[in-house]
Amino acid sequence: MDSTYASSSYPDLSSPAMPTAGGVSRPVKIIPLQHPSVGAGSSSSSSNSPAAFFSGLATKWKRLTFLQFIDGLFPCYRWIRTYRWRDDFQVDLIAGLTIGIMLVPQAMSYAKLAGLEPIYGLYTGFVPIFVYAIFGSSRQLAIGPVALVSLLVSNVLRGIAGSSDELYIELAIVLALMVGILECIMGFLRLGWLLRFISHSVISGFTTASAFVIGLSQAKYFLGYNITQSSKIVPLIQSIIAGADQFAWPPFVMGSGILAVLLIMKHLGKSRKQFRFLRAAGPLTGVILGTTLAKIFHHPSISLIGEIPQGLPSFSVPKNFGYAKSLIPTAFLITGVAILESVGIAKALAAKNGYELDSSQELVGLGLANIFGSFFSSYPSTGSFSRSAVSNESGAKTGLSGIITGIVMGCALLFLTPLFEFIPQCALAAIVVSAVIGLVEYEEAIFLWRIDKKDFLLWIITCTTTLFLGIEIGVLIGVGVSLAFVIHESANPHIAVLGRLPGTTVYRNVQQYPEAYTYHGIVVVRIDAPIYFANTSYIKDRLRDYEVNVDNSIRRGPEVERIYFVILEMSPVTYIDSSAVQALKDLHQEYRSRDIQIAITNPNREVLLTLSKAGVVELIGKEWYFVRVHDAVQVCLQQVQSLHQTSSPAAESKPNRFERLLKQRGEDLSVAELESGQRKASASRNGDPNLEPLLSHKFTP
């Protein structure tokens, strides 16, 4: 089209056309910046009031149909009412049996890691699975005991009671109840966003360090002698070295052989599609192989699990809440792991299988699973990455696969526990080690080193502090450093000097686009962040620097010796607070004392409303607010030319240069000539000089 649209609130820009270089006029439509009235903000603010929030919530509840209400209360109803028995039951059955076979030996292994008897791992893989199948929204997530949570349980309870004490078991059950309550609270209040401030680098570094600690904690079953139980790597290594004279080769050979078999099966299951079943069959194969070898070549140094109670768990209310205060940090940590890992896995699987997943409902489902599980002797459970991946690969379609897994666990508790008596401890240790090897994310560290050195540093700090100072301290330091990085980025936002791309009216960062050019006496600055109390000082300092340190980009227009106009591009500024408003007022007064004018372009409605309420719009002047950067540059460019022409001693004696310039708009030069660097007045007065310069019909971008 031949029409070019300018958008300026600058007065007297109403001429319908201006001449091009060839003498042909082009129509220009002026779109003024709309200034919202101060009273217009009342409706917006009232809509954010607590009364409006609860009113909207009540309206939403009233609009719910009965089926929608049931869907929200029982997410399982979504797949029950559309279940296709002929198409879905077979794959759900296979997936449920596969996960059940995989979970039985893993549950016993992780219970030992948590410092509990193997039976409590089986309990944790029983009731919570049924509860989650009803209240959870993911159809592929496999919940139950996991290695990382088991390590956290062992770490906190070991300092309170011995693993053989009844108190130890009771506190593990109380911890499950506390975790469930926290997860439900965060789900109902939709507070999961709080953990978004924890960087993925922190989680990766933490899990990597935890994998080393878990692996070393299982060394006693391979070496044949006891080692110190600790969440720090130094005491573990010292204990291993100190007891080297007690080394027994039979458990080491058996455990290492089973571990090698498990790793080979896992590798084949991942790399070859025809061998995918080997990944799920690995733990069961390790148990069968270990039991067989223990029966044939039983040696006194090879310790066995021993007798496991037979039957389903009985109902009992958790007790011994006197230690609850000391369990709170670990409860929060386990809840954080559930949100960051389990919900993340569930959302990824939901997207892959084409259905919606509510993160808050997912937290509620996990919370209820832990709460009900605590009434049946379970310790904290959450989603397992490895089992969930196997569930998805096995073709699980609905939560029925989880129910089948629960049935498998129930059958194991009722009929198979006598067979578990002869399982060697080193076989369970091999299952744990093979599972946590996948938690060592060295590839993530390499990726971070290539992409972002700051995130790599965060990964190293979290991993190192977790290894040498313990789990809680390592996580706290990692989260603290992560928040420090967030605060630093927020307090030191990116600010760019903009220049005009040749042949366009587009303004971009001159560092990213070296061909972009700027104008003498004018600096265009884009602030790429909200402006609030923490970053106002930094922004003011940077703006002062731009006044003194002129960039090295190509410059055009009338040649002047200093900056007369600072144009603030505020389209990326989503929010401005009272401290920033006051800083803007101070900056305006400071600039006015040095004959520098601020111009503001494209502020959003909320920012402009805040500036209007604070009187900044009137202070700066409505005529200095523009829709586009180019509109502001046109006006400022003409004023620079006028300043350049009227810089005689007589003109300098006038008290207010800007008031004088406002009366001279009709005598300004053609902007097209000013942009080209010409310094003489145009002979033509046919067009309005303030209008947007006309571009040729054909140009090279």
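Cβ coordinates come from backbone N, Cα and C, glycine included.
TrEMBL entries are annotated by machine, without manual review.
Range annotated as transmembrane segment by TrEMBL, chosen from 362-379, 524-541: 362-379. Away from its own ends, the transmembrane segment (89-107) comes close to residues 118, 121-122, 124-125, 142, 144-145, 277, 280-284, 286-287, 387, 390-391, 394-398, 400-409, 412, 416, 423, 427-428, 431, 435 of its chain (Cβ-Cβ under 8 Å, at least six residues beyond either end). Sequence-distant contacts of the transmembrane segment (247-265) (same chain, six or more residues past either end, CB-CB distance under 8 Å): 221-225, 278-279, 281-283, 285-286, 289-290, 293-294, 297, 299, 301-303, 424-427, 429-431, 433-434, 437. Scored on C-beta pairs under 8 angstroms, the neighbour of the transmembrane segment (327-350) with the top count among 119-135, 167-189, 201-227, 427-451, 457-487 is 167-189. In this chain, the transmembrane segment (119-135) lies in contact with the transmembrane segment (399-420); the count of Cβ pairs under 8 Å, excluding pairs fewer than 6 apart in sequence, is at least 3. Counting Cβ pairs under 8 Å to the transmembrane segment (119-135), the top-ranked stretch among 167-189, 201-227, 362-379 is 362-379.
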